[in-house]
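K.L.:
OK, Swiss-Prot features for this one:
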- C71, C73, C86, C89: Zn(2+) 1 binding site (BINDING)
- D462, D464, D466: Mg(2+) binding site (BINDING)
- C811, C885, C892, C895: Zn(2+) 2 binding site (BINDING)
Amino acid sequence: MNHEVMNLFNPQALAQIFDSIRISIASPENILSWSYGEIKKPETINYRTFKPERDGLFCARIFGPIKDYECLCGKYKRMKYKGIICEKCGVEVTLSRVRRERMGHIELAAPVAHIWFLKSLPGRISTLLDLTLKDIERILYFESYIVTEPGLTSLKLHQLLSEEEYMLAIDKFGEDQFTAMIGAEAIYDLLAGMELDKIANDLHAELAETTSELKQKKLIKRLKIVENFLESGNKPEWMIMKTIPVIPPDLRPLVPLDGGRFATSDLNDLYRRVINRNNRLKRLIELRAPGIIVRNEKRMVQEAVDALFDNGRRGRVITGANKRPLKSLSDMLKGKQGRFRQNLLGKRVDYSGRSVIVTGPELKLHQCGLPKKMALELFKPFIYARLDAKGYSSTVKQAKKLVEKEHPEVWDILDEVIREHPVLLNRAPTLHRLGIQAFEPVLIEGKAIQLHPLVCTAFNADFDGDQMAVHVPLSLEAQLEARVLMMSTNNILHPANGAPIIVPSQDMVLGLYYLSIVSEKEPGEGMAFADMGELHHALENKVVTLHTKIKGRFKNIDKDGKEVAQLYDTTPGRLIIGELLPKNPNISFDIVNQEMTKKNLSKMIDQVYRHCGQKETVVFCDRIMQLGFSHACRAGISFGKDDMVIPESKSRLVAETEALVKEYEQQYDDGLITQGEKYNKVVDAWGKCTDRIADEMMKGIQAVKFDPKTGRQQRMNSIYMMSHSGARGSANQMRQLAGMRGLMAKPSGEIIETPIISNFKEGLTVNEYFNSTHGARKGLADTALKTANSGYLTRRLVDVAQDAIISAVDCGTIKGLTMQPIIDAGQIVASLGQRILGRTALLDILHPVSGEVIIEGGTMIEEADVLKIEEARIQSVQIRSALTCETRLGVCAKCYGRDLARGTPVNQGEAVGVIAAQSIGEPGTQLTMRTFHLGGTAQVVDSSYFESSYEGIVELRNRNVVRNSEGHLVVMGRNMAVLIKDENGKERAVHRISYGARLFVDDGDIIKRGQRIAEWDPYTRPILTEVDGYVGFEDMVDGLSVTETTDESTGITKRQVIDWRVNPRGADLKPAMIIHSDKQGKNIAKLHKGGEARYVMSVETILSVEPGSHVKAGDVIARLPMESAKTKDITGGLPRVAELFEARRPKDHAIIAEISGTVRFGRGYKNKRRIIIEPNDETLEPVEYLIPKGKLFHLQEGDKIEKGDYILDGNPAPHDILAIKGVEALASYLVNEIQEVYRLQGVLINDKHIEVIVRQMLQKVEITESGDSDYIPGDNVDRIELDEINDHLIAEGKKPASGTPILLGITKASLQTPSFISAASFQETTRVLTEAAVSGKIDTLQGLKENVIVGRLIPAGTGGTIAQIRRIATVRDDLIVDEQRKSSNDGISKAMLTDMTANAAAE
C-alpha cells in the first residue's frame, strides 16, 4: 500500500539520469513500439456527448482516460480500480495525464517519403541515390518511372521514363523483361537495396583517382552521407515511412467554445487529411481501381504527409478555413514562437509580480521597497507555513482565511518571513547581467516598488513610468545564490570594462560638484581650521561659505594604522566630502580636492573599492548619495533663459563664413573646383564656424565674473555647471541652445549644405525648422530599427559564445598577443596601460634600460604594475589571451585574467562567453545605425596631417622621397613609415605615410612633441611623376576619354578623364600620361626600376599639367577627387560591428599581397588588369591578381611589395588577413576595428570580451592534408577534435592530419557547434535536426543552452561545481561497489576508502 501512496505523486516512470542525448531517424519498429494503438478514423469527438470517438484521433482506448481514474463508460471509477482495463470501453483506469505522453500511429497503405530528408538541402535521398532532386521528386509525385532492373534490354539502370516512354518500352521489350517502378515504393526499394560498405569503398577509390575539383566536391558530399549512415546505424530506407506516429492528443487539444463551436490545433486538421486520404487509398486498392486513380490517391497521401510534417516546404501551402496557413509539426519547433525558444529557453515563472517603480533615496544600497500587498501575495506559502508553526491555524484553509482577512498577526509574520529573504528585481529589456539583481525587501505602503537611485544606471531605469518585475527565490540554494552572487552590493563594477557602475548621477553629481567649487573673494578667505567641528560651526554662522578658499586639516591613517593629519589648501565643501572618505593610507585627500565631476567621482569610487574593499565602498556610496542629494537641494540650482548666453562674436563669424561660402560658389562658377569639391569645402567651412561659435559660447559661460558692488565672485552659470559636472546635458546640447545648431543631415545621411544658423534661444526660421525635421524623424525611425538589430546581434553573440566557460586554472601555453597603445592621427586613443590592466603577462617584462624584471611571466598585471610599466616607457607587452588559450573545452583562468566585475582573478566556472556577448551587445542600442557617406564632414579635415605625440629621433622606414619643383619633400613610396625613436633607440610611435604627402622631417631629425610630421590634401589623391621630363598625352581623345571645360572668365581649361568604355569607338583606348626625356617627345623616360614612365589614368581623374610642360620628379601631374570614392560608404555603428562579427567580405575589399616580391604587369583583359608578384623567395610560385580597370591603382612596375601590403585599397576582408598574416594580426584587426566603433560613441569595452568572441569564430580548422586520419581534405573540423585525433595518431606512430584555421561568422559558428540541441534552438531548426538525425549525432550536453533545454543546472558557476561533486561521488560509489564485490567480507578498511576518495577527486 505504501508504494501505491508514493506513486500517487509520481505515477509514471522514474526520472532518468543521463549524460548525453542521441538523435537518429526513427525506424518503423520504433514508431510501433511508441504507439498504443492504430488510429483508423478521422473523427475526433462526438459533438453531442463530447466524448472521443473510438479509433479516432482522440480515442480514449488508445491514449488513456479523459478524467482521472475513470473509464469512458463510467463502469470503473476511483483509485481502487487503478490499472484495470474496462471490458466494455477498453479504456485503462489511470491518470488522465497519460494523454500527454501516449502516442498512436497510422498504418499507411503506401509508403511516403519524409519531406525533411527529401527537400532539406542538401537532399539526403537524392545525394545517396546519386540522382538529382528534381528526378526524385518526379518519381515520388508519380510523373516518371525509374528503371530498377534493366534486364537484357537497352535501358539503363536508374533511367527515368515518362508514362509514354514506359508504355513504349513495355510494347518494345515485353512486360517481364525489365522492371520499372514509380512512387515512394520505387525509392524505398532502391534505398533498401544499397550496399553502403561497397559504395563507400568505391567512392574512396574514385576520389583517389579524380582530379577535377567539382567532381571531388560531389564525391566528398556523397561519401559523407554514406559514412554518416554507416556510423550512425541508421538505415537509408527509414527515410521512407510506412507508418506515421501520431502525437498525444493533449499536445494538440480540441476545446469546445460556447455556441457549439470548437477551437482546435491545426495538427488535427492535418492528421485528418492524412487519415481520410489513406483510408480512401485502402478502399481503392481493395476495389482494384485503375492504376491512374490509385496513383493519384497515393500522390495525395504523400502531399498530405508532407503538409503534416512541414507545410509549405513543397507545393502550395495548405490553409485552414480562414485562409491562414496551417501550423505543421516543423512550425511547432521553429522560430521565436516555436517549442525551443518559447517553452524550453524562456519559461514563465510562479511567485512573481510587477509594478511601477519610484525612487527610494532613503533606502540602503542592498534594499528595495516592496508594497505590502505584493509581499503578502508573493510570500503566501511561507506565511501559511509560519502561521501553522506558530499555532495560529491548524489547516491551510484556516491560514488562507487569516491571510485574506489580513489579520494583524499576519503582518507580523510577513515581517518575519521577509527578513533576510532576498528578492530579485528585473527590468526589461535585460541586456546584461546587471538587469537582474537581488535586494532585501523593505515593506512599504502604497503600490509602487521603490528602487535605490544608485542602481538605476545598471538597470537603465528612470522613473517616468518604468515597470519592474519581482521574483522570489524559493529554495535555500537559490536564496544563497541571490545573496552571495546577485546582491546589488556585489555588482559595484561593470562587467564590460571594470569601471564602477554604482556612480552618482544627475542631481547627486550636481550637489557634489556644487560642494567642490572654489570661488574667489568669498567671506573668510584664507582662514585655517583645525578640525571639522570648527568648520561646521563657522559654516553655521556664515563666517565662511562652502566655496571659500581656506586651509584645513584632514585626518587620515598611515601604513601602520596611526592617525596623521595634514594641512591642505581647500574649501569647506571639499572637506565635507573628504569627511566621508574611508580612512586608508592609499586614499589621500587629493582625490576630493578637485572639482567633483562625474568622471572624478567614478575614479574616487574606483580607488575606494580597490583599496578598502566592497563593504566600505557600499557604505561610502550610500553616504555620498545622501550628501549629493541634500546639497543639490540646498544649492537650488536652476536655470532661466538668461543663462543661455549667445556669444557676441556670433554674427561676425557667421558673416565671415558666408563670405567664404560665396567665394567657393564663385570658384565653382569659374570652373576652378568641381561640384563635389565645392560641397566638401562649404560643409567644412560651416563645420568649423559652428565649432568656433561653440568655443566662444563656452568661453563666455565659463568666464569668472565679479560683482562690482561686493567684489565677490558671481555664481557660476547654471547650465555650465550642469553640463561640465556631467549631471545633465552635453556641450553639443549647449551649443544648440546658445550657439548655432549647425549642419543637418538628410535621411540618406548626406549633409545639407545650408546650416541652421539660429539656436533654440533665438528660435528657428521656417526654412530652418523644416530642414531640421529630417534629422529628427530619421532619429526616431533609427531608434526603432536599432533596438531590433541590436537585440539580434546580442542573441547571435550569446549563441556563439555560450560554451566559453572558465574550465581550468592554467593551460600552460607559450603563445600570446603583443599589445601596443592605439594611436590615431597622432593622438593616443587607448594607452598601453589601459589595454594590459588585469591581463596575465606571457613572459617576464624587463626594464628596457636596467634589464631588471618588473613583472614575472604568468602573473597578473595590477594597477601598481601598470604605473611601473608606464614609468619604464615600455611600448609593447606580450600578454596571454583567450584567443591563444589551449584549453580543450572553454578557456583557462590565466589566459582570461581579471574578472572585471569583481576586480580579482577570474573564478573557475565563470561563463565568460556570455559575459562577453552581453558586454558587446548591451551598448548596441547606443551605436548609430547610419553609414557615413564621405561627404567631407568635419571629421575628414582633422586627418589631413600628423603631429608627433612624442619627442625623439625620426627614422624613415622604406625611405622613398624626392624634392619637387617647389622644393618640398614628397613621399613617393606606397609603404613608407615614419618611426619616432627615443634616445635608447626604442620605437615610440609608427606613422604610415600615404603616397603624395608632403614631409616636414627627414631621417635623423630630432622632433619635438606637437611638431608636424606630414600633411596631405584630404580631398584628392595625387598621381606624381617619378622622373623629370616633358609631359605627353596618350589616348586622350577629346569627347571620348577626356572632356575639356574652359572657364570663360579666367580662360583656364580643365581636363577630366571620362569613362571611355561607354562609347564603342573608345573601347580600345588606354588613356595615359607619358613623361618624355626630350622636348620633342621622341623618347619615353625610363623609371629607376626599369619600365617606362607611363601613368595610366582612371575615370574622373583631373589632369593638372598641359602637354609639353616640364615637370620635376615629385610633381603632381593629375589628381583624383576623393568624392569619386563616394560609392564607398563608411559603414558605421551597429552594421559595422555586425559585418565584422559575421566576417563578411566588404563590398570593395582590399586586395592583400600574399607574398613579398616585385610587381610586374601581365597581359590585361578587356576590363581587368593582371598584376603578377614575382616572389623574392625563389622556392615560391609567382601570384597573380586581377584588378578591375578604372579602379584607382597606384603600384608601378618594379615596385617592391611586402607580404600583407595592400595592392588595392579598401577595407580588408578578415579571411584574407587570417590566411596571409595569421591569427594574431586578425585578432588585432578585429579588436581595433570593433573598438573604434564603440570608442566613437564613448563606450568602453575591454578587449578581452572581443577576443573571447573571436576565439569562438576561430574554432574550426580546414583539413589540408589528411595524413593517416579519416578526414578528407576540405573538411571543416573542430580544432579540439583534430588535436585529440592527432594525439592518438602520433601515439600510434602514424602521420597526423594538418589544417589551416578558418574564420567563421558568428551565425555560421553557432550553427556549427558540436551540440545539435543548441544549434537547433538558434536558427534553421529543420536543417540542423535533419543533419543531426542522419549522422546519429550525440549531444554531450556541455554548453549552457542544451542543459537549460533538457532542464538541468547549467555547467557554469555553482551548477558547474555541483556537477563536479556529482562526478566525483559517482566515481567513488563505483569504486566502493567494486571493492565490496572483490572482498566479500564487508570490513573494507577505512584507509582504503580515503585513498580511493583522493584518487577520485584527482580524476
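Glycine is no exception: its Cβ is also placed from the backbone N, Cα and C atoms.
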K.L.:
Between the binding-site residues D466, C885, C892, C895, which lies closest to C89 (Zn(2+) 1 binding site), Cα to Cα?
P.N.:
D466
K.L.:
Relative to the Cβ of C86 (Zn(2+) 1 binding site), which residues of the same chain, six or more apart in sequence, are found under 8 Å away?
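P.N.:
Result: C71, L72, C73, K75, Y76, E92, V93.
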K.L.:
Please list, in sequence order, the residues in the chain of D462 (Mg(2+) binding site) that are at least six apart in sequence and whose C-beta is under 8 Å away from its C-beta.
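P.N.:
For D462 (Mg(2+) binding site), the qualifying residues are C456.
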K.L.:
Would you mind checking how many other C-beta atoms are within 10 angstroms of the C-beta on C811 (Zn(2+) 2 binding site)?
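P.N.:
Step by step: centre on the Cβ of C811 (Zn(2+) 2 binding site), count other Cβ atoms within 10 Å, giving 19.
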K.L.:
Spatially speaking, which of the binding-site residues C811, C885, C895 is closest to D466 (Mg(2+) binding site)? Use C-alpha to C-alpha, please.
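P.N.:
The smallest Cα gap between D466 (Mg(2+) binding site) and any of the binding-site residues is with C895.
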K.L.:
Which entry in the list of binding-site residues, C71, C73, C885, has its Cβ near the fewest other Cβ atoms, using 10 Å as the limit?
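P.N.:
Fewest other Cβ atoms within 10 Å, among the binding-site residues C71, C73, C885, is found for C73.
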K.L.:
If you measure D464 (Mg(2+) binding site) to C895 (Zn(2+) 2 binding site) at Cα, how many Å is it?
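P.N.:
About 44 Å separates the two Cα atoms.
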K.L.:
Counting all other Cβ atoms within 10 Å across every protein chain shown, which of the binding-site residues D464, D466 scores highest?
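P.N.:
It comes out as D466.
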K.L.:
Taking C89, C892, C895 as the binding-site residues to compare, which has the smallest set of other Cβ atoms within 10 Å?
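P.N.:
Output over binding-site residues C89, C892, C895: least Cβ neighbours within 10 Å is C89.
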K.L.:
Check the DSSP secondary structure of C892 (Zn(2+) 2 binding site), expressed as helix, strand or coil.
P.N.:
strand
K.L.:
Name them in sequence order: residues not among D462, D464, D466 whose Cβ is within 8 Å of the mean position of the Cβ atoms defining the Mg(2+) site.
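P.N.:
Neighbours within 8 Å of the Cβ centroid, excluding D462, D464, D466: I357, A461, F463, G465.
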K.L.:
Helix, strand or coil by DSSP: which one applies to C86 (Zn(2+) 1 binding site)?
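P.N.:
Assignment for C86 (Zn(2+) 1 binding site) reads coil.
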